[in-house]
Amino acid sequence: MSSTIAPEQHISAVGLDLSKVHKKSRKLVRYMSNPGIDAMSKVTLRTTDTATHVPALGVTEGEIPKWIEGSLYRDGPGVLNIGETWYEHYFDGMAVLHKFHIKDGEARYTSRILESDAYEKNTTANRIVCDEFATRAYPDPCMTTMQKFMSRFAMPDIDDTSDNCGVNVAFYGDQLFAMTETNNMRRVDPETLQSIGPKTNITKHVAVNMATAHPHVDEDGTIYNMGNSFYGAKGPVYNIIKFPPPKTLPDGKRLESIEQGSVVASMQCHWKMSPGYYHSFHITDNYFILIEQPLGVSVPKLVTSQIKNKGMVHAMKWHNDVPTRFRVVRRSNGEELMHGYQAKTFFTFHQINAYEEDGNLVLDTIAFEDGNVINSLWIKNLSNPEITRNMAADGFPRRYVLPLNIDGAEVKKNLVTLKNSKAQAFKLKNGKIHCEGEPLAECRLEMPRINYKFNGKKYRFCYGFETTNGVNAGKLVKIDTVTKQHWFWIADTKMCTSEPIFIERPGALEEDDGVVLASLLHEDHDRQVQLLIMDAKSFTQLALVTFQTMGVVTKDFHGMFARVGDTVHRY
């Protein structure tokens with residue numbers, strides 16, 4: 001039996017009168033009202049307009065180790081609507097910063113909506129006026145039809161790219177920045193999370209048009225990142241960029257890390273008019289490694305998407321019949337190894353770690369069958385459990401081994417000689433090296449983290465959360481990459497976890513001697529957040545801290561822990 005809901009009765013489950021929602025957004029709000037969505041989707045689809053500026057003292061069950069003193073910072077999209085207009089993709093939501101400060105066995109929580117230019121412009125207009133990854137600005141209702149049409153032909157200026165930095169955070173020297181995948185970062189106060197000064201446009205300091213939100217940090221504080229330059233002499237290039245630690249000049253002037261940016265290596269994009277999309281990259285003591293996957297950003301489609309009033313995501317195309325390539329560059333001189341490493345097509349967001357061993361590069365990554373995971377994060381898809389189950393694939397921890405010494409290699413002979421490794425690499429008749437990966441463990445994994453002291457070096461343990469049909473199932477995972485064993489910490493079925501972050505115990509002699517921190521959100525308690533503190537070695541709970549907040553607490557992506565007393569803050 002069906003019934004019709006009168007417009008004046010059409011109230012959505014998210015508490016909005018649809019008659020007052022912008023007509024372009026009404027379908028999205030209806031999707032979000034689906035009563036059958038899972039806990040992860042309910043939490044992911046939260047939106048907030050109130051942050052917790054005054055530190056909230058948590059109630060602790062168990063005991064927080066007294067040696068933990070510092071702040072856990074986290075970043076992610078948390079504002080999904082501006083006025084009556086709604087974002088279409090989860091990546092587009094306005095950034096919200098979270099901070100858990102731990103001292104003397106107690107923890108306090110604060111949060112703040114990132115004070116970006118994009119957020120200020122949007123809230124001033126009370127509608128979405130800044131373009132994001134998938135959502136285009138809603139037209140000014142005061143514009144004529146012709147003005148709206150002509151505005152589509154105005155190509156965006158590089159200074160107009162979004163500063164909605166809702167992916168990750170990093171310390172450049174003692175300056176904390178929120179980051180996204182454009183050319184902009186926002187400096188924020190480590191204490192209050194308030195923005196400091198104008199946005200930082202890295203294009204003004206180094207030749208890239210965009211960069212990842214997953215830089216690598218050396219022990220001395222030198223930061224390496226990777227970004228695209230669309231205007232190379234031979235077409236678009238991937239640039240590896242370097243930011244040394246801050247320094248004081250002879251005249252007493254302080255030169256910040258950002259001001260010292262330089263390009264240390266460049267690689268030509270394989271496709272002249274379609275540079276590959278990447279979210280992160282590998283680094284070892286002697287090499288940078290980019291996984292060039294066949295998800296291209298078509299430059300011609302970027303132009304037509306602008307004209308059609310569509311976001312950048314519509315210019316991305318997955319090439320299922322094209323192999324995934326491993327691009328390897330020497331750190332010493334910036335030269336690329338022209339060995340032609342490749343593998344059967346796969347997609348990746350996040351890298352676990354990489355290291356060198358016995359003339360091989362060992363690369364550990366989270367591998368998906370294809371790039372469909374991006375499509376699963378459209379708001380309309382997150383809101384539909386059937387679509388989520390059918391569309392969202394799972395990432396698996398996988399190891400590839402790239403042999404460095406291939407001179408005189410025989411065709412079709414396995415070149416991987418590492419003991420106990422099931423990964424393989426073969427020289428093909430065309431001279432390229434085909435690599436076949438091996439599973440790191442028999443489980444799914446996303447948001448991987450390690451003891452960062454072992455970044456780029458041989459390591460044993462990694463941490464993350466397990467997904468099922470692309471959904472965070474509330475399971476934290478620890479993996480032993482040597483024995484292939486894995487252990488779970490399982491939350492309540494109505495809860496979802498954040499990315500886990502490892503903190504080493506002072507004086508630790510073993511790789512997993514420390515704690516793992518993760519935040520927990522419950523689908524039925526939207527003004528509450530919990531901080532889980534686990535013993536990393538036994539992977540058991542030490543403490544659970546519960547915070548009551550001023551506003552709705554939203555999901556996040558990535559973050560880091562900054563220990564009090566450290567001069568260099570690494571991941």
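Every residue, even glycine, has its Cβ placed from backbone N, Cα and C.
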TrEMBL Fe cation site partner of His214, His350, His558, selected from His270, His279, His522: His279
His558 (Fe cation binding site) - helix vs strand vs coil (DSSP): strand
Cβ neighbours within the same chain of His558 (Fe cation binding site) - under 8 Å, at least six residues apart: Arg74, Asp75, Gly76, Val167, Asn168, Val169, Ala213, His214, Met447, Glu499
Binding-site residues compared (His214, His350) - highest count of Cβ atoms within 10 Å: His214
Near-site residues: Fe cation, ref His214, His279, His350, His558, CB cutoff 8 A to centroid: Val167, Asn168, Thr212, Ala213, Ser280, Phe349, Gln351, Phe557
His279 (Fe cation binding site): tally of other CB atoms within 10 A of its CB: 16
